[in-house]
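Structure first, then comments.
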Amino acid sequence: MKLQAKRLNSHSTFAVLFFLIISIFEGMVFLTNVGALTLPDGDMHANASYAMATGQIMNLPERHTDRFGNTIKSQHISGDSRFLHNKGMNNALVMDIIGDPMATDPYIGNQRLADQRPSSQVTLPDKTFPSRANQYFPLVYLPQGIGVWIGLHTGLSPYNVWQCGRVANFAFYLLLISLAITMIPKGKYFIAILSSLYPTIFIASSLMADAMFISICTCFIAYFFSLSTHDKPVTRGQMGILIGLTVCLFLFKTVYVALALLVWALPKSLMTTKRKAKFTGISALIALPIYGLWSSFYQIVPAIASIADNTHFMFRHPLKVIFTISWNLIEFPKKLLKIGPTALVPTLVVLTAWIILFTSDRYMEAGQNSPSASIRRYRYVWVSIVAFFCAAFLAFLFIDLTWNDMTVMRTVHAIQGFQGRYLTPLLPLMTSICFFPPEKTSTTRAPQTPTDSIEETPRAENASPMQ
């Protein structure tokens, strides 16, 4: 048993080192070659980072109505014009930015010009410079805000202040992913590879909130599977950690709370139905009031269509909406491959790593050949698939409601505005293929403490390099 624990600890150490070495190298390339303000939705991510750093993230917005009849909550942010009026900002898609990962961003020079401009006090949004600092829950921008705050209070130039925000965001991402690799009993190298793909590292080394979404989702999945390998019931402390992570998923980006469905796949020996209902109820009681209040008073929902008209259409034609979203889900892989090598190479790397993970140490015990036994054995896979499609469906639905005029579209239409990075936080679910419910055993173990799930190394049989 001690030898197995040593082996798994060794796998954790090497997997974390593997992840850190590759990720830090890629991150340094992006921090050097790509401008701090070259990113998707810079008016949201950069302004929110500045608002967090200057204590304005909770400024009460003003309400008005846009040309589509939607209620818009405009949050005003005041500060240095060198930060809020940077004309060098480049709003571009991730895949367009990193089409050549080693190329130098031509916008860096224009972004650095802010260092030479005189400072003046300005307020956003205005006619020239929009702002959406209040689109996501404030804590999403805590790492970037800390970095920008440090840069502001150490007298750095505006460009280097933004760089501080990027470094802080990247460091927080590295910390959480390293924790996830340590927690997950199997698939450690798969998580390391998945989390160090260069599109993901670009996101993590930018000011984007997506880095938080990816790392929190990965931690939730890793912690869940660490609990799934136990042969004793989940303790109160462990359930408390699950609840905390679930609340974070809901607050940070609601669609990812679909991952909490995994908890319902735990066998009764680990968590009874009553405790699962309790987990769901407590999570909802904490998350819903917080999110409801913040969303009502603060959250802006950008849209280029009438949300009210689209919602009315959705309730009148639910089957049409479901069919449209399902068709887009099926078509999405084709669109991804059409992007070119920028998307194809990471996709092939992930598929290759997953195939190795899938084929390593596959076995079927005697008596496990019946359909019912197979369903029970692969219950985590089935629920992971359901969770993935629920989250993906909700993500497509949100984009359809806000960026498309559903009332004038045919039954089958391409939903405009959806980006592949919305699905990146769900990819760690692919590790579900190597986890199974614990078999009944007569052996006994000492009671666990609330922190056992993080510190304890579960049993492993014939661990492979991918594990």
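Every residue gets a Cβ built from N, Cα and C, even glycine.
According to TrEMBL, the compositional bias 'Polar residues' annotation covers 440-452.
Feature annotation from TrEMBL assigns region 'Disordered' to 440-467.
Using a Cβ-Cβ cut-off under 8 Å and counting only residues 6 or more beyond its ends in the same chain, the transmembrane segment (12-31) has close neighbours at 98, 101-102, 163, 166-167, 170, 174, 177-178, 181-182, 188-189, 191-192, 195-196, 198, 201-202, 204-206, 457. Residues annotated as transmembrane segment in TrEMBL: 12-31 (among others).
For the transmembrane segment (167-185), the list of distant contacts is 8, 12, 15-16, 19-20, 23-24, 27, 31, 143-144, 146-148, 150, 191-192, 195, 204-208, 211-212, 214-216, 218-219, 221-223, 225-226, 229, 428, 431, 435, 453-454, 457-458, 460: same-chain residues at least six beyond its ends, Cβ to Cβ under 8 Å. Taken from TrEMBL, the feature transmembrane segment covers 167-185 (among others).
Sequence annotations record features per position, and here TrEMBL assigns transmembrane segment to 197-225 (among others). Panel annotation: around the transmembrane segment (197-225), residues 23, 26-27, 30-31, 34, 36, 39-42, 44-46, 48-49, 94-95, 97-98, 101, 136, 140-141, 143-144, 162, 165-167, 169-170, 172-174, 176-177, 179-181, 183-186, 191, 241-242, 245-246, 248-249, 252-253, 256, 259, 262-263, 342-343, 346, 349-350, 380, 421, 424-426, 428-429, 431-432, 435, 453-454 of the same chain, lying at least six beyond its termini, place a Cβ under 8 Å from a Cβ of the stretch.
Under 8 Å from some Cβ of the transmembrane segment (237-267) lie the Cβ atoms of residues 136-137, 139-140, 209, 212-213, 216-217, 219-221, 223-224, 227-228, 275-276, 279-280, 282-283, 286-288, 290-291, 294, 379-380, 382-384, 386-388, 390-391, 394-395, 398, 422, 425-426, 429, 437-438, 448-453, all in the same chain and six or more residues away from its ends. The feature transmembrane segment is assigned by TrEMBL to 237-267 (among others).
Taken from TrEMBL, the feature transmembrane segment applies to 279-301 (among others).
According to TrEMBL, the feature transmembrane segment maps to 342-360 (among others).
If you look up TrEMBL, you'll see 380-403 (among others) marked as transmembrane segment. Residues 225, 228, 254-256, 258-259, 261-262, 264-265, 301-305, 307, 310-311, 314, 321, 324-326, 328-329, 415-418, 422-423, 426, 429-430, 432-433, 435-437 of the same chain, all 6+ positions outside the transmembrane segment (380-403), place their C-beta atoms under 8 angstroms from a C-beta of that stretch.
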